[in-house]
């Protein structure tokens, strides 16, 4: 999502990867 690194997604306002 916007503001997250490639391969990451936003969860609870934070970016998570993997």
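Each residue, glycine too, has its Cβ placed from N, Cα and C.
What Swiss-Prot records for this protein:
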DISULFID  4-15  disulfide bond
DISULFID  8-17  disulfide bond
MOD_RES   18  glycine amide
Of 4, 17 (the disulfide-bonded residues), the residue whose Cβ has the fewest other Cβ atoms within 10 Å: 17
Reduced DSSP assignment, residue 18 (glycine amide): coil
Around the Cβ of residue 18 (glycine amide), the count of other Cβ atoms that are within 10 Å: 4
